[in-house]
Amino acid sequence: MLSEASDFNSSGSRSEGSVFSRTEHSVIAAYLIVAGITSILSNVVVLGIFIKYKELRTPTNAVIINLAFTDIGVSSIGYPMSAASDLHGSWKFGHAGCQIYAGLNIFFGMVSIGLLTVVAMDRYLTISCPDVGRRMTTNTYLSMILGAWINGLFWALMPIIGWASYAPDPTGATCTINWRNNDTSFVSYTMMVIVVNFIVPLTVMFYCYYHVSRSLRLYAASDCTAHLHRDWADQADVTKMSVIMILMFLLAWSPYSIVCLWACFGNPKKIPPSMAIIAPLFAKSSTFYNPCIYVAAHKKFRKAMLAMFKCQPHLAVPEPSTLPMDMPQSSLAPVRI
């Protein structure tokens, strides 16, 4: 019980207002510091690659650039505030800091799921509906990306203005949705978030990648030129990277979703403290593994990273074919003013 938590001088004692000991808080703080530094550096490298090599600045990769910004946002704000509170033994930034911290984490998380949905739609239109995909303009992509940011902002602001609320969790070192107060406001907010930012995006992603996988299988069973084979291989690389990112994102946010659903339909007091800290740690983890996915699953991005480290001014990118499926994204239909 939080009211029974006491503050002793020994390093293994419980911190005031927390269910964790000083030692446990210190271990978590060390993890957050290392993860935060790793995340910031790796995502800065990602942005540097896109800045240096214009060959990679396609509308699809514009979504990846925005994902990198969301990762940097969590890493530069969420990690330091949480780590400082863990070192302190309890939340140290007051009520206003709690609202800012929790709001920004929800904001960047919701934006990320929106951007991953945009990636899935892009893969579907590029591979399975090329006639439609070719007609998409830069403004179309910008509108979808902006929609993801606006959606994230809406759900982040709602607890601040009264629909549900933000509060420190039982560990006392992080702020999140106040799931210990499972009133009607919390339940309605949580269920709407799950429907709008989990069930609907997953349905869209499943539909898109189901049809993309069918298109890729049909290609594999057909005869084609070496030139077209290279184009399809590039598209398959991007699709593989996208699917891995989505699966890892779901893995990262699943503990948080479980905690919220448990609080909605069960007794919040029975949620284990370990689950309370694992949920936000898992949710933040996507910030540093996304760059690893880019490198591991996308050959062109991997070559670009190596080229940047070797200080090569240009990236050798083969000319794509002019067949409908793989029209280069740089030749999208002109933006209509």
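Glycine residues also receive a Cβ, built from the backbone N, Cα and C atoms like all the rest.
Within the set Cys98, Cys260, Cys264, Cys292, the cysteine that Swiss-Prot bonds to Cys175 via a disulfide is Cys98.
Membrane topology per Swiss-Prot: Asn267 and Pro313 sit on opposite sides, carrying different topological domain names.
Contact counts against the transmembrane segment (189-212), taken as Cβ pairs under 8 Å, peak for 102-121 among the stretches 62-87, 102-121, 141-164. Between the transmembrane segment (273-297) and the transmembrane segment (102-121), three or more CB pairs separated by 6 or more residues in sequence fall under 8 Å, so the two stretches touch. The recorded stretches the transmembrane segment (241-264) and the transmembrane segment (102-121) share 3+ CB pairs below 8 A when only pairs 6 or more apart in sequence are counted, and are therefore in contact. A C-beta separation below 8 Å, combined with a sequence spacing of at least six in one chain, links Cys175 (disulfide bond) to Trp91, Gly97, Cys98, Gln99, Tyr101, Ala102, Tyr166, Ala167, Pro168, Asp169.
For the pair Lys284 (N6-(retinylidene)lysine) and Asn182 (N-linked glycosylation site), the C-alpha distance works out to 24 angstrom.
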